[in-house]
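For reference, TrEMBL has these:
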type	residues	note
DOMAIN	9-387	domain 'Serine hydroxymethyltransferase-like'
BINDING	LEU118, GLY122, HIS123, LEU124	(6S)-5,6,7,8-tetrahydrofolate binding site
SITE	HIS225	site 'Plays an important role in substrate specificity'
MOD_RES	LYS226	N6-(pyridoxal phosphate)lysine
Amino acid sequence: MASHVAGAKKVFDLIREEEKRQKEVLEMIPSENYASANVMRATGSVLTNKYSEGYPHKRYYQGNSVADKVEDYAQELVKKLFDVPHVNVQPYSGSPANAAVYLALMEPFKDKVMGLTLSFGGHLTHGSPVSFSGKYFPVVSYPVGEDGYLDYDAIEKMAVKEKPKLIICGFTAYSRIIDFKRFGEIADKAGAYLLADISHITGLVVAGVHPSPVPYVHIIMTTTHKTLRGPRGAMLMVTEKGIKKDPELAEKIDKAVFPGLQGGPHDNTTAAIAVALEEASTPAFKKYGAQIVKNSKALAKQLIKNGFDLVSGGTDNHLILIDLQNKNVNGAAAALALEVAGIVTNKNAVPKDPMPPFYPSGIRLGTPALTTRGMKEKDMVKVANWIKEVVLEVSGQQMPRDKEQRSEFWKKFRKEVVKNKKLLAIAKEIKVFAGKFPVPGIQ
Ligand code: DSN
């Protein structure tokens, strides 16, 4: 695609380089995916030229007859697919969408939020002290239990005692089914609003391989570019239960998004969200969602066979969190070695991690993008075996605890790992293997 464009040579050369990278590696960051050619076409369309402050049929600028139809259509698709009475498709991405929920419902420095601790798999915007959510709102955060699963009894106890105004469920590094029904009962008992941040699992919910939060929560936030396979963006849905709790909830959310936080919506993104929703409404997408989970389970099984320690002992969804402490290698080092070998994951904290966030003890990986390329369970066995070989190659090169020694170690490790012959040989094998699986949207 990039090669047909005249001008802007440097940028389009770089885009071509990125196309090549995306084709030649195994993209295993669980929040990433490959958008279809149609999603990208809509993202790059003339709708990028338009300003549409406001909402359909109530705009502050002229010339919005088409933008109105696009946004109406996107809303209609969401309502049908998720069975919700209200949706706002304008949030620029997940963090601003979550910020809109705080703006709609919470009084700063007074109302309390309760979310999963960042290092246990929560998101920055769920109350981390480094984000606006922890800076402007009192926070009480819940951990996962010793077994890596959510401890619903402990969460209930905390909610009843702390009386947060808002409880957030839905996570970025949790590999098990979320019991939204139980969360709903807990929020009701505590008198709290319940927000489900389903960014990671939306595609699985749509495909019917993860229970839907719709009957149990008041608000749902999801990004649109992860398992849903759309453009980078987000949506905020209000449920029947939400409207019953607060008849003005939909209006409060809309006002918080615009004019509270944002200006003009990105109409090109809205159009691409509509394309992704059309795609997600097909039987093929249901199959896709089911295959993501099958692949994830197959990958987990082989990783366990290969001696890896998985948080919670496995997975029910699209992602796996590996605790590398038994392999004597840090997550940052393993992630870099894997990248050299052509396997793209991310370093990640594990529960009770003794190491700091930049050098955490684990890696997080998942199957949404590989499944989009058509890979199946037998392919996951190969991938797990490559992961074993790579980790074995760098195992024993432990990250020092001392800060100064750590920085020396990291400098040396980074310099050497990119030249590691074994890893480069695996990268070659992976390039050949990956080449057999087409990437939608890249010719
Ligand atoms: N950055 C996303 C993820 O990787 O999970 C969350 O916002």
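Cβ coordinates come from backbone N, Cα and C, glycine included.
Not measured: the values here are computed from a predicted model.
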Checklist entry - Which residues in the same chain, at least 6 apart in sequence, have a Cβ under 8 Å from the Cβ of GLY122 ((6S)-5,6,7,8-tetrahydrofolate binding site)? => result GLY115, LEU116, SER128, SER141, ILE168, PHE171, THR172
Item to check | C-alpha spacing of LEU118 ((6S)-5,6,7,8-tetrahydrofolate binding site) relative to HIS225 (site 'Plays an important role in substrate specificity'), in angstrom | outcome: 21
Item to check | LYS226 (N6-(pyridoxal phosphate)lysine) versus LEU124 ((6S)-5,6,7,8-tetrahydrofolate binding site) - Cα distance in angstrom | outcome: 17
Next on the checklist: For the C-alpha pair, I'd like the distance in angstrom between LEU118 ((6S)-5,6,7,8-tetrahydrofolate binding site) and the residue listed as 'N6-(pyridoxal phosphate)lysine', rounded off.
Outcome noted: 19
Checklist entry - Taking the binding-site residues one at a time (LEU118, LEU124), which has its Cβ surrounded by the most other Cβ atoms within 10 Å? => result LEU118
Next on the checklist: My understanding is the cutoff is Cβ-Cβ under 8 Å with a sequence separation of 6 or more in the same chain; which residues meet that for HIS123 ((6S)-5,6,7,8-tetrahydrofolate binding site)?
Outcome noted: GLY94, ASN98, GLY115, PHE171, THR172, ASP197, SER199
Checklist entry - Relative to the mean position of the Cβ atoms of LEU118, GLY122, HIS123, LEU124, the recorded (6S)-5,6,7,8-tetrahydrofolate site, which additional same-chain residues have Cβ within 8 Å? => result GLY115, LEU116, THR117, GLY121, THR125, HIS126, GLY127, SER128, SER131, THR172
Checklist entry - Within 10 Å of the Cβ of LYS226 (N6-(pyridoxal phosphate)lysine), how many other Cβ atoms can be counted across all chains shown? => result 27
